[in-house]
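> The annotation domain 'Protein kinase' is assigned in Swiss-Prot to 25-325. Taken from Swiss-Prot, the feature ATP binding site covers Ile31, Gly32, Glu33, Gly34, Thr35, Tyr36, Gly37, Gln38, Val39, Lys54. The phosphothreonine annotation in Swiss-Prot covers Thr35, Thr198. The phosphotyrosine annotation in Swiss-Prot covers Tyr36. The active site, proton acceptor feature in Swiss-Prot is assigned to Asp164; the stated evidence is sequence analysis. Feature annotation from Swiss-Prot assigns compositional bias 'Basic and acidic residues' to 336-348. Taken from Swiss-Prot, the feature compositional bias 'Gly residues' covers 426-444, 464-483, 490-499. The compositional bias 'Low complexity' annotation in Swiss-Prot covers 445-454.
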Amino acid sequence: MAVAAPGQLNLDESPSWGSRSVDCFEKLEQIGEGTYGQVYMARETETQEIVALKKIRMDNEREGFPITAIREIKILKKLHHQNVIQLKEIVTSPGPERDEQGKPIHGNKYKGSIYMVFEYMDHDLTGLADRPGMRFTVPQIKCYMKQLLTGLHYCHINQVLHRDIKGSNLLIDNEGNLKLADFGLARSFSNDHNGNLTNRVITLWYRPPELLLGSTKYGPAVDMWSVGCIFAELLNGKPILPGKNEPEQLSKIFDVCGTPDESNWPGVTKMPWYNNFKPPRQLKRRVKEYFKHFDRLALDLLEKMLTLDPAQRISAQDALDAEYFWSDPLPCDPKSLPKYESSHEFQTKKKRQQMRQADEAAKRQKTQHPQPHGRLPPIQQTGQPHPQIRPGQPMNNPHAPMAAGPGHHYAKPRGPGGSSRYPQGGNQGGGYPNRGGQGGGGSYGNAPYPQQGRGPPPPYPGSGMAGTGGPRGGVGGGYGGGSNYPQQGGPYGPSGPGRGSNYPQQGGSRNQQQYGNWQ
């Protein structure tokens, strides 16, 4: 297999995809769904290998193959890294798919379907975090964050922006390996940032301030803001910026990170939408105050990730070199992490929905068929035992008491020196379910959110992405994005960022710390 040098994409890898039928696979269970279609866990009938099948929805496409799917396939064919999801092949269904009665699913009886075949991952980070009683240890958080940053650094040095980093797009297997997934909104970029890009990307809770202020010239720093939100969420136990709409999202960012001005973000006043959302009063930066219960080194790294000015935001490479990853407790070996039952956001949301529906049905049943009121027992004479009281049971508590229930080693040398900031040029112009608070803000007036910039606005008020059904971007399950916005348009070797392997040796201590609701 040809190998791409750093900074270049592998253009020589060209397998004969599309030659096999989806009939080579047996669908086992649906694990994701979004505007793109469905994702299934499936088994290859010949090898018995478990894979993920992502169906590309074609019924709404008037101009042929969806542009987001084309971009995702082209990018994933060229990215080969242990922390990036592997696209194995493309398969097709030669004719119309049929339902249980044998009728074609699509209106056009001649239309087939196209599937992307991915390696199967047992969990996504959202589904794993939503497991009842789940508590991530500090070594586990460091392990996941280090893998996330390593995969993202590989994308960035190959001039690829992910543009939709969130928990449901971070897939984890039972060997502890984390992989970046869902490249439906990803695109290549140039270091000069001369081209205009759409600012209608990245799920709302993880969207950086430069995009919310209308920037169309941006670079890798947008992904690093999303990583900072994920990092704080892991430490905090819930999302830190759960805005309902774009103005409220900016309000929450300013409450935590302070008001941007020319002193802390040169050029911000020239942003297209700055005057629309300029707060009535100056707010100071309060990251350390909001997250004072975090470890000092964790807080220092978070400060650099949640920097308002994208030109001053830390890069993935320099984040890997932060003292946080080199202090006790060290990141654990991925293989040492516990194994869990399969947990995807789609599945956990489906279970919660079923529980809610069952509760609502029980309430309706109780309302429609109320229990008849029983008559009061006759007055008893003094000394006569109550007919409903058993011997030895107190008169003031006639009911019997009820029993209460219990409650991979990276081995990378220290990366090359370099600035910990992104270049100044080009940046000046630019799901998890809501377990957090109920919005705030409201201090930016009643003006509608401006519609300048490339790309269509979200069709529903308060939605983070088109067709996603909420700020988290729906239930894509990691293999597929919850958006179908039209966008503008070598294997990673052992040498790379960071200071080498820092996993503790066997027998070493692994200090357990607690952050909020997480251990």
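Even glycines carry a Cβ here, placed using N, Cα and C.
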> Among the recorded positions Glu33, Asp164, which residue has the fewest other Cβ atoms within 10 Å of its own Cβ?
Glu33
> Rounded to a whole angstrom, what is the C-alpha distance between Gly37 (ATP binding site) and Asp164 (active site, proton acceptor)?
17
> How many other Cβ atoms are found within 10 Å of the Cβ atom of Val39 (ATP binding site), counting all protein chains shown?
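There are 28 of them.
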> I'd like to know the mean pLDDT over the domain 'Protein kinase' (25-325).
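Taking every residue of the domain 'Protein kinase' (25-325) together, the mean pLDDT is 92.
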> Can you give me the Cα-Cα distance between Thr198 (phosphothreonine) and Val39 (ATP binding site) in Å, rounded to a whole number?
27
> Between Ile31 (ATP binding site) and Asp164 (active site, proton acceptor), how far is it from one CA atom to the other, in Å?
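That comes out at 19 Å between the alpha carbons.
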> DSSP three-state call for Gly37 (ATP binding site): helix, strand or coil?
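SS state of Gly37 (ATP binding site) = strand.
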> So of Ile31, Tyr36, Thr198, which of the recorded positions has the fewest other Cβ atoms within 10 Å around its own Cβ?
Thr198
> Count the other Cβ atoms sitting within 10 Å of the Cβ of Gly37 (ATP binding site), across every protein chain shown.
22
